[in-house]
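Look at Swiss-Prot and you will find 1-20, 176-234 tagged as region 'Disordered'. What Swiss-Prot lists as compositional bias 'Low complexity' is 11-20, 176-215. Residues or ranges marked as compositional bias 'Polar residues' by Swiss-Prot: 223-234. What Swiss-Prot records for 277-340 is domain 'bZIP'. Residues or ranges marked as region 'Basic motif' by Swiss-Prot on the basis of sequence analysis: 279-301. According to Swiss-Prot, the feature region 'Leucine-zipper' maps to 305-340, an assignment based on sequence analysis.
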Amino acid sequence: MLSVWNLPVEQQPQQQQQQQQNIINSSNNINSINSALDNILNTTSKGIQLPRFNLLNTSSSGFLTNSNDTLFLENNNNNNNNINQQLNKSVLNSSNKQLDIIKTINEISNEHKSFQPFEITPIKPQSTSTNTYNTEFGVINQNTFVLDSNKIEELRVDTSVLDPLLSLPYNIINNTTNNNNNNNNNNNNNNNNNNSNNNNSNNNNINNNNNKSNTPMKKESTIRNSNSTFEKFESPTLSTTFGLNKEELNTFTTTDMNNYVKQANMVKELSQVEKKELKRQKRLIKNRESAHLSRQRKRERLTDLEHRVEELSSNSIDINKTLSSLENENLILKAEVGQLFEVINDSPVLSALFYKIASLSQQPQKDTIGAY
C-alpha cells in the first residue's frame, strides 16, 4: 500500500512564521557582521589614520611624497571597501530571494487548498469463478494440464465416444426429430382443446367451474402419462427398426442380421428408406465377412507357404550334407583304387590274374550282344 500525504492549510501559517523568523535572524547576523567590520576599520593604528588625514588636508603631490607604508595602508582600505560592497550585494540578493519565497508561501496560503491523504491500492481483477485459490495481483494461476493416455487410447479405438449422434445413420436422426415434432404438435393441440374447454366452463357458475376445472387436468395428466408410456415403448424399437450401431455392425454376422430384420418386420412394417438402410447394412456385413474370409485365406496360404519353405530349406541342408559326405567317400575310394593298380602293376602274378578275370568278364558280354 502506498500513501501520499499533503500538509493541510492549518500548518502553513506556522511554517510561514518560522521562515520569517529565520530570515530576520539571518539579516540581524549580517548587520552585526557589518558593524564589526566598521569598528575594526575605525580602531586601526596611526599609520592607517595618517593617509586619511593626508587625503583630506594635503594635495596629490604631498600624498605621493609620503612613505610606502601609508600607500600600502591606503590600498588595504580600498580592499575593505570592496569587501563591504560585495557583502552588501550578497545580503541584498539573499533578502530578495527570501522575499520571493515569502510571496510564494503567501500565495499558496491565500488559495486555501486543503489536501486530504489518499491511498493507492492495487485493482483486483473481478472474477465470477468459484476458484478457492488466492491469486495475487498480476499473477496468473497456471494449472498444469495432463493428458490421460487411457482416454486417448479409448478415443483411438472407439470414435463413437466423441458424439453418440454421429454413430447413428442420418435417417434415424431425421425420423426421431420428426417423431418428436409430431408428439409436440399433438401435445399442443391437446392443450389448446383443454384451454377452450376451460374458457367455456368459465361462463357457468362457480361450483360448475370448480368441478369442470378438475376434469381437464385429469385429461392432461392421462395424456402425458400415455405419451410417456408410448415413448418408453418406442425407445427400444428405435434401435431395432432403424438400423444398427457401429459396434453392432462390427460384431453382427449375416445370420444375426437376418434374425434382426425378421424381428423388425414383426414389430413394425418397414418403410422403403428403412429397407434400403437395412440392405445397406447387410451389404456392409457381407463385405466385412468376405474381407475377413479373404484375409483369413491369405493368412492360411502364407502360413502354409512359410512351413513349406522351412521344410524345403531343411531338406536342402540335409541333401547338401549327404553330398559333401559322398564326395569325401568317392575321393577315398579313388585313392584306394589307384593304390590297387599300383600293387597289381608291381606284381606279375596279380597282373596275369587281373587280365584273365577281365577276359572272362568280357566274354559273356559279347555273347549277350550277339544274341540281341
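Glycine is no exception: its Cβ is also placed from the backbone N, Cα and C atoms.
Across the domain 'bZIP' (277-340), DSSP classifies residues as 64 helix, 0 strand, 0 coil. Within the model, the region 'Leucine-zipper' (305-340) carries an average pLDDT of 94.
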